[in-house]
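**Student:** I have a structure here, written as structure tokens, and I will follow up with some questions on it.
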Amino acid sequence: MFSSHSLSYKLSSLSTEASASSGNNTLSTIQEFSGFHNVISSVCTHTETHKPKKKRGLPGNPDPDAEVIALSPKTLLATNRFVCEICNKGFQRDQNLQLHRRGHNLPWKLKQKNTKEQQKKKVYVCPETNCAHHHPSRALGDLTGIKKHFCRKHGEKKWKCEKCSKFYAVQSDWKAHTKICGTRDYRCDCGTLFSRKDTFITHRAFCDALAEESARLHSTSSSNLTNPNPNFQGHHFMFNKSSSLLFTSSPLFIEPSLSTAALSTPPTAALSATALLQKATSLSSTTFGGGGQTRSIGHHRHLTNVNEFLGVDRVMMTSASSSEYDQLVVDGFTSTWQKADRLTRDFLGLTGHGGHVSVRPGDMLEYAGGVAFPMSAYDTESHDHSFQKAYDHLGFSGAHRM
């Protein structure tokens, strides 16, 4: 019994909450709709206040009963149809001549029109057959108007403004322009002047777009310069001029038969001058030293780039006869004295591959003074005694081969 009462109480409370929530939702919906209605009404009011301007009707809508007159270009542009006998000034219409005669105190008379002639109007068509005003339905009702139209659209522009170099076909247009030229100019940031605001706005939009595009291209190019491709950063080895001068006195050589694996060691970040000298001499020892290596030193030796010896994985070289160096083998960067102790490093590359010290005199003189002697001069038996003394004096022992 108690449970049924509690259940009914819960159901009633839930229905009350649901009705309250639905009422709140309805109220919020009404408020949102009223706000949306206000927005729509404000937008409609704004559009009503800014209605587009009504376009001007096309010129030339004559009376159907008007008289259509077609004049030739020569007659239309004639300025001396009616000439004053006093000053020889020409006029296109007789009435203008009669009015001009009053200034000379001459008798003048205007042509009187009756009532019927006044009621009938005259319209003029353009002599140009391709023009829209050539059709009678688009004829112009004024002789001066058709004359200016023909000059502006189909005539020669012979009136020039001295300030802005603009040309005009009608003198009245030229005079009106000269009065305001330079007083109402619109200047763009690029330096161009405009006398009309609409042309200035059109040009300004195009000029701004062009400036943004050029700025974007400039920023892209500058970012590429400041952040180069990281793949090429590890292949460039930098060293100072003092260390590079250490290798200019004695040239280094490398042959085409060298294995690229021997030169594929990763470059170090920075080396001192002593380390560079040791590395260069070790490379020289592998190139020139050793009794079992086949070498040939001629007059057509070519220098290789020291920078590429020190870490660049591309070796540029040329040789007078590459077949002479086919048997060259690179064993390493350093060689040891081939004695029993093997504790002393040979940085000058004076040892060979055997157990004895094997030095060629030409190598010693090359390292000492940078003077290259032809090997053929030391291959004969006549020079054995002269260089044997030099070896004994230096303290080298063992069998050597001349």
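Cβ coordinates are placed from backbone N, Cα and C, and glycine is handled just like the others.
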**Student:** For the record in Swiss-Prot, which of the ranges 124-154, 217-247, 341-371, 372-402 is the zinc finger one?
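**Tutor:** Swiss-Prot lists zinc finger for residues 124-154.
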**Student:** Out of Cys161, Cys164, Cys181, Cys188, which has the highest number of nearby Cβ atoms, where nearby means within 10 Å of its Cβ, if these are the binding-site residues?
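**Tutor:** The largest 10 Å Cβ neighbour count belongs to Cys181.
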**Student:** Of the recorded positions Ser72, Cys161, Cys164, His177, Cys181, which one has its Cα closest to the Cα of Cys207 (Zn(2+) 2 binding site)?
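**Tutor:** Closest candidate to Cys207 (Zn(2+) 2 binding site), judged by Cα separation, is Cys164.
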**Student:** Write out, in the order they occur in the sequence, the residues of the chain not among Cys188, Cys190, His203, Cys207 that have a C-beta within 8 Å of the mean position of the C-beta atoms of the recorded Zn(2+) 2 site.
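**Tutor:** Near the Zn(2+) 2 site, the remaining chain residues are Asp189, Gly191, Thr192, Phe200, Arg204, Phe206, Asp208.
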**Student:** With DSSP helix as H/G/I and strand as E/B, how many residues of the region 'SHR-binding' (196-208) fall in helix, strand and coil?
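**Tutor:** Going by DSSP assignments, the region 'SHR-binding' (196-208) contains 12 helix, 0 strand, 1 coil.
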**Student:** Report, as a single number, how many Cβ atoms besides its own are within 10 Å of the Cβ of His203 (Zn(2+) 2 binding site).
**Tutor:** 15
**Student:** Would you say which of the binding-site residues Cys190, Cys207 has the most Cβ atoms within 10 Å of its own Cβ?
**Tutor:** Cys207
**Student:** Within 10 Å of the Cβ of His177 (Zn(2+) 1 binding site), how many other Cβ atoms are there?
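**Tutor:** For His177 (Zn(2+) 1 binding site), the count of other Cβ atoms within 10 Å is 16.
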